[in-house]
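Enquirer: Summarising the annotation, TrEMBL assigns domain 'Response regulatory' to A:2-122. According to TrEMBL, the 4-aspartylphosphate annotation covers A:ASP52. The domain 'HTH luxR-type' annotation in TrEMBL covers A:145-215.
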Amino acid sequence: MRVVLAEDLFLLRDGLVRLLEAHDFEIAAAVETGPELSRALAELEPDVAVVDVRLPPTLTDEGLQCALEARRRRPGLPVLVLSQHVEQLYARELLADGSGGVGYLLKDRVFDAEQFVDAVRRVAAGGTAMDPQVIQQLLSRRAAVDRPLERLTPRELEVLELMAQGRTNAAIAAKLVVTERAIAKHTANIFAKLSLEVSDDDNRRVLAVLAYLDRGH
Amino acid sequence: MDIETKSGDRRPATDRTRTMAQSALRGLAVALVSLPGSVLCFCLTLVSLALVPIGIGIVTTPYVLTGVRMFADWRRVLAAEWGGVRIQRAYRPLPKDANPWARTFGMLRDPATWRDFLWLPVDMTLGFVTALLAFALALYPLEGFVIAAGLWRVWDGGTYWYGFVPVSDQTTALYAAALGAVLLVAAHWLTPFLLRAHFRLTDAILGSHQIELAERVRVLTETRRDAVDASAAELRRIERDLHDGAQARLVAMGMDLGTIEALLEKDPAKARELLARARRSSADALTELRELVRGIHPPVLAERGLGDAVRALALRLPLPVETDVDLPGRADAPVESAAYFAVSEILTNAVKHSGAERIWIDLHHADGRLRVSVTDDGKGGAVIGAGSGLAGVERRLGTFDGVLAVSSPAGGPTMVTVEIPCALS
């Protein structure tokens, strides 16, 4: 799997290259500025891009803008955005085109190599990887105005949270130490209580949940 | 002046006519007094000053200058009452028991004395003309009407010029009346305008702007002290947070790593446990640093500017917030930061105390001012001070000449407005 990596801090870039190579990813390019990233994304056609939000030369949200621009030109181009902080505002922009293949994680998540690599693979496969912090913010905000959300049991809320992060039923089952069938039952209940359309496609399901949580704001 | 003119435009015609007549009469009064008054004052001052070398001037000058000041004071009163123009008075106080010598030279050293002296010739010329013109402009149209009514017959055979109209018979006399009517309409606006122009002219030369300067210095001193205090307190807080938080965690992590190194062979299970703890410590340290950074300069603010930073802030609140941003550019970083933290504090306040269910934020830039208003549908009763946090906001805004206004009647709604003068780039 070919990865384009954009990160301006040498130590982090180097660490990410090592981490990804150790997990059998091929690093097509590891760049440090926005313009370089744009060029790499256009020319190398990677399977997934791992991008830091803040990149030179402007040191503003150049990385995010490059990623969004690349996705406009090639819809569905898998992009995993990393940042020192997460903002719902950015998450919403990334999810706006509704085509999936989007990740948005705190840089801290790299600490857990397995989970991070899993997130990269998920995004590359057109799935979603949203940082737990984003989901928690969305949930607490939604909970303040939302009646249907109140009808969920604590367990269902837990499942909803993990689902919104982009995890598959199997991963949720492993995390909560229950069977996959139990999770399938929970998700069916959640979808019924929130009046969401049931879909067999995992990615579509996640996007529906995220759209629900972010609705009306 | 602009405000008065605008409100004047909306008044009915009779009111406007009365204002014109009043302004005309006042112009006449001012003109009648200002010419002889200022000529007299000017001449007396000149003579008195000329007599200083031979001693007589030492005695007379204080009296003459006091007279000039009384004349100027009287004009100040007129300017305030008739023109709405406040002319500042800033004569230096003189000791009561000073001898004539000290009084004369004390007064001559006062810049206000020389402003008076400079004003007199202007008042007797330009000042006189503007005041008299205010009167003449209101009167002249009447002559046009009188000519049309039959006065033209007086110059039987000859030609009388009314404005640019040569009057020689009834027809041309009617032209004169028409011109008079046009002039009369114009006079409705021009007469009050001229009178105000007269007072503004007086203010421009006579007014001391030192009082305003002194006030400005006082405000600057105060806000500078607040700014220095606030930034010192902020640095102390950051130091303490780093010391007790991230720094302590890194020390603990380093210790754990040392122990792990020693345990690696002896007790791998224990080492693994410590390793997990070290990783948790590093994650906690990062979380704390992130919070700290958010408190110093929020990353979104650096990356996107004020508009999106406020939007991101709104998205973090546990209640629906409508955000309306209209900023065509970016303000200076310190202004953005001040505005951001003001909004943040106001929002925190609203969420904590108001019991609101909705909040509206409006952020825009107009007339060289950044204006943010935060409205909530809570129970109202918010005040600046009383530990509401708004007092702190007000103080910090002071550094930027920003102002904070709170409208919060009991029962709500509450609207807090922040205005900071600034330019966008």
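First residue shown is number 1, and so on along the chain.
Any Cβ shown, glycine's included, is placed from N, Cα and C.
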Enquirer: When the domain 'HTH luxR-type' (A:145-215) is classified with DSSP, how many of its residues are helical, how many are strand and how many are coil?
Expert: 50 helix, 0 strand, 21 coil
Enquirer: Note the mean pLDDT of the domain 'Response regulatory' (A:2-122), expressed as a whole number.
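Expert: Within the domain 'Response regulatory' (A:2-122), the model's average pLDDT equals 92.
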Enquirer: Residue counts in helix (H, G, I), strand (E, B) and coil for the domain 'Response regulatory' (A:2-122), per DSSP?
Expert: 59 helix, 28 strand, 34 coil
Enquirer: Restricting to the chain of A:ASP52 (4-aspartylphosphate) and a gap of 6 or more, list residues whose Cβ falls under 8 Å of its Cβ, or answer none.
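Expert: Looking at Cβ-Cβ distances below 8 Å from A:ASP52 (4-aspartylphosphate), excluding near sequence neighbours, one finds A:ALA6, A:GLU7, A:ASP8, A:LEU9, A:LEU12, A:GLY63, A:VAL81, A:LEU82, A:SER83, A:LYS107.
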